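Colleague: Quick paste from TrEMBL:
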- 105-285: domain 'ABC transmembrane type-1' (DOMAIN)
- 7-26: transmembrane segment (TRANSMEM)
- 32-49: transmembrane segment (TRANSMEM)
- 54-72: transmembrane segment (TRANSMEM)
- 111-132: transmembrane segment (TRANSMEM)
- 139-160: transmembrane segment (TRANSMEM)
- 166-188: transmembrane segment (TRANSMEM)
- 236-255: transmembrane segment (TRANSMEM)
- 267-285: transmembrane segment (TRANSMEM)
Amino acid sequence: MWKKIHTVVPHLLFLVLSLIIVQPSLSGTKGYFPFLFVVFASEAILLLFRKSPVAVNIGIILYCILIFWEIMTAKIGVKNSMLYPAPENVFSVFLGDYQKILQGVFSSLQLLFIAFIIATVLGVSLGLFVGLSDHISGIVLPIVRVISPIPPIIYSPYAVALLPTFRVAAIFVVTLTIFWSLFMNMVLSVREIDPKIMNSAKTLNVSKFSMIMDVLIPYSLPGLINSISVSISTSFLVLTAAEMIGGTSGLGWYIKYHSDFANFDKVVFGIFMIGLVVTILNFGVKSLRRVLVPWK
C-alpha cells in the first residue's frame, strides 16, 4: 500500500506545481512556458524511470524544491528579487542566450574530452608499467601518495600564468584530476591480481602483449570504469572552476561573467546547466559500464 502511494506522490506534486505555475505571477516575472517545459520534461523522464525507487525519491525532492521556489519568488515575492530570481526568469534565459550557452557547453565538453583521452592513455599505460614492477612501484607509489591528494584546482592560477594559453592550462588541470585515480586504480589492480590467473596465462606461453590486452586490462576494467564515474564529475567541476579563473568561454566563464554584472538570472541558469551536464555525463558512464562490464 505504502509503495503504491509513494509511487504516486511525485506525479501529484507535478500536478500541484503545474497549477501553481499557471496562476498569475508578480510583476517582473517573465512568461512561464520555458519553466513549464522544464517541468513537463522532468515528468516525462520520471515516467521513464517510474519503477526505480531512487528516481521516485528524486522526483519528490525536485518537485518540492520547485514548488517552494515558485511560491516564494513568483507568487509571494522576496525582498531581494535580484538575488532570488523566479524560475520563470531563470529558464527564460535559454531563449535569448541559447547560442552562448550551447557554445559554452561544447567548449567545456571539448576540453574535458581531450583531457580524458590524455589521462586515460597515460594513467593506464603508466599504471601498467609501475604495477608490473615491484622495484619501480616501491619507488613511485610513496611519492604518488604524497602528490595525488593535492586538489588539482590548486594548480589552476599557476598553470594559467605559466602555460601559453588557457586552453592548455585547463587541459593540464583536468588531466591531472582524472589521471591520478586511473593511475592508482591500474597499479593496484595489477598488483592485486590473483597469481593463479597470471600463472595460468604463463603456462599457455601467452606473450607479454597478450597478457596485457587479454588478462590485465580486462581484469582491471571494472575498477577503471568505477574510477572514471567518480572522476568525471569532479573533473568537470574542476574545469568549471578553472574557467572562472582565466577562461574566455565555457560554463564557468559564463557564470563568472554574468555574476560580475549581478545578472543572477543567468548565473542560476548556468549553475543549472552544470548540474544537467554532470548528470548526463554520469548517466553516460553508467551506460558505458553496462556495455563494457556486463558481468558486474
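Including glycine, each Cβ sits where the backbone N, Cα and C put it.
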Colleague: Ranking 7-26, 111-132, 236-255 by Cβ pairs under 8 Å to the transmembrane segment (166-188), which is first?
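Modeller: Answer, by Cβ pair count: 111-132.
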Colleague: Take the C-beta pairs under 8 A between the transmembrane segment (111-132) and each of 7-26, 54-72, 139-160, 236-255. Which stretch has the highest count?
Modeller: 236-255
Colleague: Within the same chain, where does the transmembrane segment (139-160) have neighbours whose Cβ lies under 8 angstroms from its own Cβ atoms, ignoring anything closer than 6 residues to its ends? I mean 6 or more beyond.
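Modeller: Long-range Cβ neighbours of the transmembrane segment (139-160): 130, 166, 169, 172-174, 176-177, 180, 183-184, 187, 238, 241-242, 245-246.
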